[in-house]
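Trainee: Annotation comment: TrEMBL describes 72-263 as domain 'ABC transmembrane type-1'. The transmembrane segment annotation in TrEMBL covers 12-34, 71-96, 108-128, 140-163, 184-209, 242-263.
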Amino acid sequence: MKRSTKKKTIRIVSYILLGVISFVIAFPFIWLVLTSFKTYQEIYSYPIMYLPKSWTTEHYHKISNLDFKNYFFNSIIVGTGTMIFSLLIGLFPAYAFSRYSFKWKNTLLISVLIFQMFPMIVFLVPIFKFLDWIKLLDTHIGLILAYIPFTTPITIVFLRSFFLSVPKSLEEAALIDGCTRTKAFLRIIFPVTLPGIAAVGVYAFLFAWSELLYSMSLLTSKALQTIPTFLSVFVGQYQTRWGPLFAGSVFATLPPLVVFILLQRYFISGLVSGAVKE
C-alpha cells in the first residue's frame, strides 16, 4: 500500500508540474488572444486587465479592411515554396553525405555548418544585388531563392542524420533484389525517413513564415508582401497599435499551430530518429 501511495503521489505531483509548465508555455498565446478582443482603454488600463470586460472585434475588422487576406496568401506561397525547394535541394546532398565516402566530405559538411553561424544581415546586400541583376527582385520566387541558402544547410545536416539511422542492409537487400539505386531510395529510404523529412519541411516553412528582414527588404510592392511586413506597420517610432497588432498576430500564429498539430507525430519521431551517432 505504501508503494502504491508513493507512486500515486509522484504521479499527482508530476501532473501538477506538467500543468504548470504547460500553462506557462501557453500563457503568451492566451494573452495574445484575449488582448486582441480588448478595447484600447482596456489594453492600456492600469492595473492590468487580464480578461476583457467589453469583448470587441474592432481590431479584426481593422486588419480585414487592410486586405490581410492578401498578406496571408503571400506568406503561404513563400512558406510552401521555401519548404519544397529546401527539401528538393537538400535531400540528395544529405543522402550522399550519409552513404558515400569522397574527398573533402568532412570539410564540405563543416563548411555547411559554418555558413549557419553568419547572421542573415551579412548576406542581405549581395543577395539584393544578385536578385536585381537576374530581375527577380520584388518577386515571390526571388524571396524564396533568398531563403534557400539559410534553410538548405539545416536540411542537409538533419536529413543526413535521418539517413544514417536507416541500416545500410535494407538498401543493400533492395539492390541485390534488382532495384536500382534510385528505386531503392524511393521505395526503401524515403518512406522510412518520411517523419524526418516532414520535420525539416516544417522547419523551412516556419522560417519563411516568420522572417521579417528579407521580406521587408526584397519585397517593395504592397501586393506581394507577407504577414511579418504587414504586422510591422503597426509598430511605430512613438506609438504601437497593440489592438490590430495582436489581432493580426493571432491569425499569423494559427497556420504554424495547425501545421504542427497535424504533423506533430512526424515531427517528434523525426527529431528522435535523427539523434544518431556515427
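Think of each number as a place in line: the chain as shown, counted from 1.
Any Cβ shown, glycine's included, is placed from N, Cα and C.
Those TrEMBL annotations? Automatic predictions, nothing curated.
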Trainee: Quick test of the contact rule: Cβ under 8 Å, at least six residues beyond the ends. What residues does that give for the transmembrane segment (184-209)?
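Mentor: Same-chain contacts beyond the ends: 75, 78-83, 86-87, 90-91, 95, 144, 147, 150-151, 154-155, 158-159, 161-163, 165-166, 170-171, 174-175, 226-227, 252, 255-256, 259-260, 263, 265-267, 269-271, 273-274.
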Trainee: Who are the chain neighbours of the transmembrane segment (12-34) in space, where the CB to CB distance is under 8 Å and they lie at least 6 residues beyond its ends?
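Mentor: Residues 50-52, 246, 249-250, 253.
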Trainee: Six or more residues out from either end of the transmembrane segment (108-128), which same-chain residues have a Cβ under 8 Å from its Cβ atoms?
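Mentor: For the transmembrane segment (108-128), the list is 97, 137, 146, 149-150, 153-154, 156-157, 160, 213-214, 217-218.
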Trainee: Could you pull out which residues elsewhere in the chain have a CB under 8 Å from any CB of the transmembrane segment (140-163), counting only those six or more residues past its ends?
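Mentor: Contacts with the transmembrane segment (140-163): 74, 77-78, 81-82, 85-87, 89-91, 93-95, 97-99, 109, 112-113, 115-116, 120, 123, 127, 131, 189, 193, 196-197, 199-200, 203-204, 207-208, 211, 214-215, 218-219, 224, 226, 270, 273-276.
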